[in-house]
């Protein structure tokens, strides 16, 4: 089955890495459905996808919303072949100061939503005996980071989830993998001062930060036929910041 005849769903597709992934998928001839939490975000998705797909509002903190919206997608006869769990948030704080809400929101969006999104598409993938599930992890899920207990826990949790799901559907033509970025160019990194920037850079053997395009390239590969024998894996894209 050729990738260009597929339909992909990308969460958090209105900006940054999600937008880059969605654009690259659409350039491959894939119909892309992108999610955002705002009306303006949906407009952005519709604008850059044009005839190659569309956007819709989805609140990943709300499990009822996920189930309802995904049911709507299925009723419109869209069968998801490729699921990209890209959306994620941070809410940094030391454990002694971290509120329940800061913990719960990060876990809900970064980990729990991946469970619900994957569950919402897995039956149709099994029926077709074809599917690609690719989730954006983080080097922090392996290294940990001071002030990011919630974020680190959410990204670490993805590892066990994907390995287990990969085992469950390995004989069904479905692959389940993670792309784990290191330090990449985002709107957040633009606000770092010189000291902070150099501190991050000192941890990277390649002595440069990565780009959204480099992360997206790994996602596109895992979504393709060329990666049909790869499952339950984490592809690290971090310039040598973390090596397995």
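Heads up, the Cβ atoms here are built off N, Cα and C, so glycines get one too.
Values in this document were obtained by computation on a predicted structure and should not be read as measured data.
According to Swiss-Prot, the features are:
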- 151: active site, proton acceptor (ACT_SITE)
- 12, 13, 14, 15, 37, 59, 60, 86, 151, 152, 153, 154, 155, 184: NADP(+) binding site (BINDING)
- 50, 53: Ca(2+) 1 binding site (BINDING)
- 138: substrate binding site (BINDING)
- 145: Ca(2+) 2 binding site (BINDING)
- 233, 234: Ca(2+) 3 binding site (BINDING)
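When other Cβ atoms within 10 Å of the Cβ of residue 12 (NADP(+) binding site) are tallied across all protein chains shown, the result is 26. Put simply, 151 is the one of the recorded positions 50, 138, 145, 151, 233 whose Cα lies nearest to the Cα of residue 60 (NADP(+) binding site). Cβ neighbour counts within 10 Å, taken over all protein chains shown, single out 138 as the most crowded of the binding-site residues 37, 138, 145, 233. Rounded to a whole number, the distance between the Cα atoms of residue 153 (NADP(+) binding site) and residue 233 (Ca(2+) 3 binding site) is 18 Å. Classification of residue 37 (NADP(+) binding site) by DSSP places it in coil, neither helical nor stranded. Compared over the binding-site residues 14, 234, the count of CB atoms lying within 10 A of a residue's CB peaks at 14.
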